[in-house]
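According to TrEMBL, the feature domain 'Electron transfer flavoprotein alpha/beta-subunit N-terminal' maps to B:37-221. The FAD binding site annotation in TrEMBL covers B:Arg251, B:283-284, B:297-301, B:314-321, B:Asn335.
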Amino acid sequence: MKILVAVKRVVDYAVKVRVRPDRTGLETANVKMSMNPFCEIAVEEALRLREAGAAAEVVAATIGPAQSADTLRTALAMGADRAVHVLHDPDPTRPLLPLAVAKILRAVTLQEKPGLVILGKQAIDDDCNQTGQMLAGLLQWPQGTFASKVLLDKEKQKATVEREVDGGIETICLDLPAVITTDLRLNQPRYATLPNIMKAKSKVIKKVTPEELNVDIRSDMEAIEVNEPPKRKAGVILSSVDELLDKLKNDARVL
Amino acid sequence: MAAMAVCALRRGSGYAAAGFRCSSRLLAQSLRRFASTLIVAEHEGGFVKPSSLSALVAAEAITKENRISVLLGGSGPALHKAADHAASSHPLVSEVLVADSEALAHPLAEPWAQLLHSVQQKGGYSHVIASSTSFGKNLLPRAAALLDVSPVTDVTAIKEPRVFVRPIYAGNVLCTVKYTGEDPCMMSIRSTSFSPATEAMSETKVAPITQVDLSFLSEGTIGKSTWVNLTSQDTERPDLANARVVVTGGRGLKSAENFKLLEQLAEKLGAAGLSFYQKVGATRAAVDAGYVPNDLQVGQTGKIVAPELYMAFGVSGAIQHLAGMRDSKVIVAVNKDADAPIFQVADYGLVADLFEVLDELLKKIPDKK
């Protein structure tokens with residue numbers, strides 16, 4: 001069985017982003033970019049399934065401009081076998097929406113015919129949390145979102161997924177092929193070692209365009225403006241518990 | 001006039017498309033006039049969940065002349081009791097749709113997305129709203145893909161019927177977006193941004209309850225997924241997202257045992273009159289260390305809370321954690337490290353050993369009012 005993993009290049013999670021003064025977007029020049037943390041977890045899970053003998057091949061895919069190839073190289077350095085890069089130069093005012101990404105990934109899925117597609121549960125830039133669910137819907141495959149544990153049964157062609165839901169942990173069973181999205185506690189992604197980074201340079205990245213995949217990219221969302229959230233007014237450092245209780249009672253009136 | 005007529009003719013299903021021929025003012029008018037909203041509601045113990053009541057508030061924010069239909073699914077007497085609750089939950093509710101089937105008894109996305117698809121096809125709603133709970137986040141995008149539309153995630157404000165504000169980059173940026181696509185305009189809302197009025201409705205208006213035709217359930221993807229079980233750690237208390245007091249611990253708590261101290265404090269704060277809706281939260285570090293279960297995590301990828309009082313003990317204040325609590329009314333931080341970023345958002349800070357502070361608070365806050 002083959003596993004397809006979708007990865008996204010995003011502003012590094014530790015960077016504090018700034019809104020451009022004209023409010024049309026964010027300062028992205030010279031900002032550190034990395035693989036979306038949830039996507040790293042997705043790659044790691046696919047590799048673990050391959051190492052456990054449940055899968056034969058791991059293919060990483062991304063959609064984005066030429067620089068997104070760095071993210072694919074990272075996935076290859078972690079251990080993915082090969083990669084697909086769907087080249088797309090985004091219009092900054094109309095970024096690619098999850099529905100378009102899902103349609104492109106459906107086309108890649110139909111070409112690659114994996115038994116399982118693993119994605120992160122959300123990208124930490126747009127915070128949408130949609131693509132995996134949409135891909136599953138478009139393919140009419142079952143979905144296991146927010147996974148914190150995945151067990152594959154190769155013979156029965158089933159996946160048992162433990163999901164992080166509001167009330168606790170929910171377990172569901174999916175017929176393969178299926179789509180799974182990863183939560184933070186699914187695994188601890190490995191670091192790429194130097195020899196593996198070198199090896200990754202010789203692995204194949206296939207380049208395609210949305211047109212070649214016959215996907216029409218439509219954008220139904222217009223970003224009107226971006227703003228900084230309202231600043232909280234400066235707080236005070238108190239010296240004792242008594243003072244805290246007094247403030248909560250008399251100033252904040254919450255006690 | 002001609003443009004208006006076109007608008008009026010197409011209002012039933014595709015006025016967004018017709019809108020290209022109308023001025024934006026006319027479009028806005030027609031939207032105001034013909035908004036009809038489907039709310040995908042969750043219920044528990046015979047009541048509509050508070051997060052779904054927030055979706056009603058959001059529907060009202062779209063326009064006051066909104067016809068709201070509430071969709072409830074599941075099986076058994078609790079479903080029908082919740083339907084009665086939904087029918088009298090808001091003056092704008094014009095209909096409650098009940099989908100009674102074993103296939104919908106558990107929150108599986110596959111049958112639920114089919115249900116939503118089928119109900120939308122029949123009802124031609126202009127808006128579909130779910131709350132950004134794990135149920136809503138799992139279901140809504142799948143249903144949107146079936147309907148070939150782009151949903152808006154985690155809406156925190158509604159400016160116009162199709163203009164919304166949503167946080168991106170872990171809440172460090174607020175993005176205003178305009179939905180320009182076909183009907184329905186689908187969105188998940190952040191329930192803490194749309195608080196329902198606490199007092200009950202004065203006039204008792206009861207909307208009719210209709211059974212949904214479930215013939216679509218025999219086809220499609222149903223059966224490709226099965227529900228096995230739900231392991232719940234904490235069933236007695238309200239959901240973290242609806243708590244009025246949240247006492248949170250980070251890595252500084254050092255053990256699962258010590259989280260009991262936070263529970264005691266939360267209970268005392270409830271007893272002190274703040275409201276009994278109190279709850280313990282945690283940072284990712286505390287969850288990863290195994291001190292508390294995952295559903296207590298507050299942050300970008302956990303729960304978003306906005307309680308009246310948020311007390312953080314041993315929490316450094318990483319970007320990802322702040323994303324989940326920065327809209328709290330009053331924030332108190334207790335940390336040994338005076339440079340911890342949490343102090344930048346705290347209204348009141350104590351640079352001190354959290355265990356000493358906890359001890360003192362537990363002694364000094366009265367048990368009962």
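Cβ coordinates are placed from backbone N, Cα and C, and glycine is handled just like the others.
Just so you know, TrEMBL annotations never went through curation; they're auto-generated.
Checking the binding-site residues B:Arg251, B:Val315, B:Ala318, B:His321 against chain A with a Cβ-Cβ cut-off of under 8 Å leaves no residue at all. Across the domain 'Electron transfer flavoprotein alpha/beta-subunit N-terminal' (B:37-221), the model assigns an average pLDDT of 93. Listed binding-site residues: B:Gln297, B:Gln300. The one with the lowest count of other Cβ atoms within 10 Å of its Cβ is B:Gln300. In the structure shown, the C-beta of B:Val315 has more C-beta neighbours within 10 angstroms than that of any other entry among the binding-site residues B:Val315, B:Ala318. Sequence-distant neighbours of B:His321 (FAD binding site): residues of the same chain at least 6 apart with a C-beta under 8 Å from its C-beta are B:Gly250, B:Thr283, B:Arg284, B:Val298, B:Gly299, B:Gln300, B:Val315.
The C-beta environment of B:Arg251 (FAD binding site), restricted to residues of the same chain at least 6 apart in sequence and closer than 8 Å, consists of B:Thr283, B:Ala285, B:Ala286, B:Ala289, B:Gly314, B:Ser316. Annotation note: B:Gln300 (FAD binding site) sits in a coil segment as assigned by DSSP.
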